[in-house]
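Below: one structure, written as structure tokens.
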């Protein structure tokens with residue numbers, strides 16, 4: 001039986017620490033704590049309206065994916081990992097991760113409510129799993145690999161790393177290109193916070209696979225899971241580019257295809273198995289965006305000092321800060 005799943009009936013408290021490396025991962029995650037209200041999107045509204053319609057359509061598809069994906073991650077943490085795992089230090093990490101994923105989910109909802117005032121269009125995005133076949137397909141794939149009745153713990157951790165890494169990564173990179181255009185500062189700030197968090201989540205899954213999982217999946221199974229994730233990302237990116245009529249400034253879908261393969265090979269390395277694609281990085285400027293090397297600058301400077309409500313909606317009241325100097 002896996003060590004992570006063995007109950008220690010004699011242990012009721014977290015101290016004394018028995019798994020210091022896992023505890024350090026938890027403390028690292030704890031240090032990144034933030035809230036969804038800490039980002040100002042007031043400037044983004046004008047940028048969004050000025051954005052060409054095809055480009056807006058591309059980013060709408062990304063938002064539709066994000067609002068669904070984080071809820072599925074939360075579902076897996078609450079119904080599977082947090083019920084099964086018995087090592088307290090690991091359980092602390094996943095408890096903190098679940099809280100972070102709730103912040104991410106709220107942040108994506110704020111983004112949709114801020115940028116898309118039409119309620120019917122908002123609902124189409126919030127109902128992404130029903131309105132977008134590829135998003136539904138991705139959700140089904142995640143649930144398939146997270147099923148504890150069909151997959152070992154090792155297989156599920158590989159799948160979880162693929163979700164937190166592969167399924168999210170291209171979308172993070174696409175949003176980050178808005179920073180190069182000097183637009184959408186709030187969306188970019190959210191993206192930097194969330195991508196950094198997800199990098200730690202993904203890296204921790206790889207750490208557990210390499211250091212705690214006794215029945216590590218065969219390399220061919222790891223490759224199968226990762227390649228399936230890449231194929232889903234390809235399908236989603238093609239769908240999003242079709243919605244944008246192929247016109248998104250800064251990158252092509254072929255560049256995103258290559259990047260996700262480069263990223264996946266690095267994930268293979270972290271899981272101590274052979275690379276699959278052997279391709280270079282088409283976005284060398286995004287090196288810091290890889291896993292837990294996400295840009296950390298200005299995190300504390302972005303903490304709010306003043307607040308303003310950007311969306312006039314009593315049923316969805318949230319406050320956003322004003323300090324122009326933060327950008």
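The backbone N, Cα and C atoms fix where each Cβ goes, and this holds for glycine too.
What you are looking at is a predicted structure, and each value in this text was computed from that prediction instead of being measured.
In three-state terms derived from DSSP, residue 108 (active site) belongs to a helical segment. Residues or ranges marked as active site by Swiss-Prot on the basis of sequence analysis: 108.
Applying an 8 A CB threshold to same-chain residues 6+ apart, the list for residue 104 (Fe cation 1 binding site) reads 66, 70, 194, 197, 198. Residues or ranges marked as Fe cation 1 binding site in Swiss-Prot: 70, 101, 104.
Residue environment of residue 101 (Fe cation 1 binding site) contains 25 other Cβ atoms, counted within 10 Å of its Cβ in all protein chains. Under the DSSP three-state reduction, residue 101 (Fe cation 1 binding site) is assigned to helix. As annotated by Swiss-Prot, Fe cation 2 binding site applies to 101, 164, 198, 201.
All protein chains shown were included, and the count of other CB atoms within 10 Å of the CB of residue 201 (Fe cation 2 binding site) stands at 27. A Cβ within 8 Å of the Cβ centre of 101, 164, 198, 201, the residues given for Fe cation 2, is found for these other residues of the same chain: 73, 97, 100, 104, 163, 168, 197, 200, 202. Taking Cβ-Cβ distances under 8 Å and a sequence separation of 6 or more, the neighbours of residue 108 (active site) in its chain are 63, 66, 67, 70. In sequence order, 69, 71, 73, 74, 100, 102, 103, 105, 107, 108, 194 are the same-chain residues whose CB sits within 8 A of the CB centroid of 70, 101, 104, the residues recorded for Fe cation 1 being left out.
With the fewest other C-beta atoms within 10 Å around its C-beta, 70 stands out among the binding-site residues 70, 164, 198.
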